[in-house]
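For reference, Swiss-Prot has these:
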| type | residues | note |
| --- | --- | --- |
| BINDING | D21, D23, D25, T27, E32 | Ca(2+) 1 binding site |
| BINDING | D57, D59, N61, T63, E68 | Ca(2+) 2 binding site |
| DOMAIN | 8-43 | domain 'EF-hand 1' |
| DOMAIN | 44-79 | domain 'EF-hand 2' |
| DOMAIN | 81-116 | domain 'EF-hand 3' |
| DOMAIN | 117-149 | domain 'EF-hand 4' |
| MOD_RES | K116 | N6,N6,N6-trimethyllysine |
Amino acid sequence: MADQLTEEQIAEFKEAFSLFDKDGDGTITTKELGTVMRSLGQNPTEAELQDMINEVDADGNGTIDFPEFLTMMARKMKDTDSEEEIREAFRVFDKDGNGFISAAELRHVMTNLGEKLTDEEVDEMIREADIDGDGQVNYEEFVTMMTTK
């Protein structure tokens, strides 16, 4: 499974992993797992985290080593592009339910995820995803953004 990752992705995951491997012993605790995954743009629910941990933490010692982490991230990334998850993510961003993600809505969600972005950064994210140039992101644009790597 992990062999489907690019070298760049593996390097990115290694960097994130080591940020949370505080004592440098090559393992992270399960409670740190959610934080690590969110830093990589994933947004697992508590139930998903528990499932992933149960699948990966074979000896039940509450820690995950890097190879286990890679396998899990590869599995998670493969699942992430499912249409329903993308639709659900869009609904999370589209606070007022009007079918568009505005700069304000994007800023709100990113702030809740702990990402303190400047107005310029938020505007840049909107511009990158905003194919028709109307200043906001519709569902089709969101799908394109989420599925192009």
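Keep in mind that glycine also has a Cβ here, set from the backbone N, Cα and C atoms.
Model, not experiment: these values are computed from the prediction.
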Query: Applying the rule Cβ within 8 Å of the centroid of the Cβ atoms of D21, D23, D25, T27, E32, what extra residues of the same chain belong around the Ca(2+) 1 site?
result: F20, K22, G24, G26, I28, T29, T63
- prompt: What three-state class does DSSP give T27 (Ca(2+) 1 binding site)?
  reply: strand
- prompt: Could you tell me the C-alpha distance between D23 (Ca(2+) 1 binding site) and E68 (Ca(2+) 2 binding site) in angstrom, no decimals?
  reply: 18
- prompt: Any idea which of the binding-site residues D25, D59 has the thinnest Cβ neighbourhood at 10 Å?
  reply: D59
- line: T63 (Ca(2+) 2 binding site) and K116 (N6,N6,N6-trimethyllysine), compared by Cα position, are separated in whole Å by 29
- request: For T63 (Ca(2+) 2 binding site), name the DSSP secondary structure in the helix/strand/coil scheme.
  value: strand
Message: Please report, as numbers and ranges, the same-chain residues at least 6 past the borders of the domain 'EF-hand 3' (81-116) whose CB is under 8 Å from any CB of it.
response: 38, 43, 122-123, 125-126, 135-139, 142-143, 146-147
- request: Kindly report the helix/strand/coil residue split of the domain 'EF-hand 3' (81-116) according to DSSP, in that order.
  value: 21 helix, 2 strand, 13 coil
